[in-house]
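Scroll down for the structure; my scribbles are underneath it.
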Amino acid sequence: MKRASAGGSRLLAWVLWLQAWRVAAPCPGACVCYNEPKVTTSCPQQGLQAVPAGIPASSQRIFLHGNRISHVPAASFRACRNLTILWLHSNVLARIDAAAFAGLALLEQLDLSDNAQLRSVDPATFHGLGRLHTLHLDRCGLQELGPGLFRGLAALQYLYLQDNALQALPDDTFRDLGNLTHLFLHGNRISSVPERAFRGLHSLDRLLLHQNRVAHVHPHAFRDLGRLMTLYLFRNNLSALPAEALAPLRALQYLRLNDNPWVCDCRARPLWAWLQKFRGSSSEVPCSLPQRLAGRDLKRLAANDLQGCAVATGPCHPIWTGRATDEELLGLPKCCQPDAADKASVLEPGRPASAGNALKGRVPPGDSPPGNGSGPRHINDSPFGTLPGSAEPPLTAVRPEGSEPPGFPTSGPRRRPGCSRKNRTRSHCRLGQAGSGGGGTGDSEGSGALPSLACSLAPLGLALVLWTVLGPC
């Protein structure tokens with residue numbers, strides 16, 4: 001029995017040695033190969049300028065990071081059918097052939113980060129990687145995401161695209177990533193979020209878009225993100241954000257909107273209302289404009305603080321100037337002119353909304369309908385209410401022709417002719433101007449001053465006549 005057990009032990013040792021030899025024997029010279037806990041070929045920071053030849057076909061993990069590799073040729077790892085983890089980060093990769101990862105059907109993690117010279121990736125590069133769940137493409141100098149780049153990556157859960165030079169998010173780029181939970185897009189140059197940018201991301205939990213140049217978010221951009229819990233939009237160029245875009249985010253818990261040039265006028269009211277109902281954790285939303293609200297948190301403002309832009313509750317018509325306005329360049333929605341049937345929705349600052357608070361303003365002579373008896377209207381009835389009451393006579397003194405009620409004379413009080421050098425002195429002209437000026441007097445005051453002025457000038461006129469007839473003494 002002892003002799004049999006001794007023979008079995010030697011056989012087991014021989015088998016283990018053979019397994020170790022099969023892994024270690026073909027190991028490239030600059031690498032270390034081992035099989036516990038997984039069969040691994042490790043060649044980090046060895047100054048390699050190319051993918052080494054002779055990598056064991058049984059390798060499950062290959063570490064080639066921190067070298068000087070600039071090119072990954074097609075079929076570089078085709079023999080490694082069991083490969084699950086491949087690290088190529090921190091090299092000087094400038095080109096990856098489209099079929100570089102062909103045959104790696106079991107690959108789960110691929111790290112290509114910190115290759116600033118890469119700049120672009122062939123759309124077919126990741127085809128066939130059906131089990132890939134983590135993909136690092138951060139700090140690769142990427143300028144665009146080619147169409148179909150992530151096609152077929154149904155198992156992908158983590159996608160790192162931060163700190164690149166991406167300027168746009170093409171439609172349906174992530175459409176096949178139904179299991180993606182983490183998407184990192186911060187530190188790019190993205191200027192807008194279109195409607196279909198995140199279409200298909202039904203499982204997304206975390207979306208990081210901070211430190212970009214986002215100035216506009218489409219109202220339906222987040223439509224498929226019902227499971228999103230974290231949204232970072234800080235340090236962008238957002239001056240407005242449609243509340244409609246946030247409405248689908250029913251699971252949202254963490255929202256960061258700070259460090260944006262928010263414009264806190266009436267266009268911010270929908271966002272303000274949404275923030276009042278939000279029960280998760282959110283950053284401050286400091287206003288940049290108007291100046292009177294600069295630095296104040298939008299969430300802590302009152303509804304009547306958000307003034308300065310005509311907003312209709314019914315249909316509204318955009319103001320079009322024929323060129324891009326400063327507001328459009330900032331990503332602001334255009335102010336709206338109220339529909340003719342809904343002018344009551346234009347509010348004056350400091351006045352509550354009510355059915356009787358109708359749009360009021362200056363009515364030039366001839367524009368009012370005949371017989372308009374709506375009561376006195378003043379210059380401060382304009383939508384902005386910023387002009388002093390003494391700036392012009394009250395509009396009750398301005399009547400369009402033909403609008404006087406029956407029984408009133410249609411001709412106004414007779415006015416004195418203008419000053420003339422032939423029949424008036426300078427003092428006479430000054431007296432005439434004083435009697436007819438005032439800026440804030442009504443018609444009755446002007447007409448009452450004329451007879452008194454005529455009486456005061458009568459002796460002077462008589463003296464002039466006598467001087468003309470009799471001559472100087």
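The backbone N, Cα and C atoms fix where each Cβ goes, and this holds for glycine too.
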Among the candidates CYS266, CYS287, the one bonded to CYS264 through a disulphide according to Swiss-Prot is CYS287
Among CYS31, CYS33, Swiss-Prot lists the disulphide partner of CYS43 as CYS31
N-linked glycosylation site, as annotated by Swiss-Prot among ASN82, ASN237, is found at ASN82
Correct disulfide partner for CYS33 among CYS27, CYS80, by Swiss-Prot, is CYS27
In the same chain, residues at least 6 away from the ends of the repeat 'LRR 4' (129-152) whose Cβ sits under 8 Å of its Cβ atoms read 89, 93, 101, 104-123, 158-170, 173-174, 176-177, 179, 184
Helix, strand and coil residue totals from DSSP for the repeat 'LRR 6' (178-200) stand at 0 helix, 5 strand, 18 coil
Counted with DSSP (H/G/I as helix, E/B as strand, rest coil), the repeat 'LRR 4' (129-152) has 0 helix, 3 strand, 21 coil
Model confidence for the repeat 'LRR 6' (178-200), as mean pLDDT, reads 98
One finds that other Cβ atoms within 10 Å of the Cβ of ASN82 (N-linked glycosylation site) number exactly 17
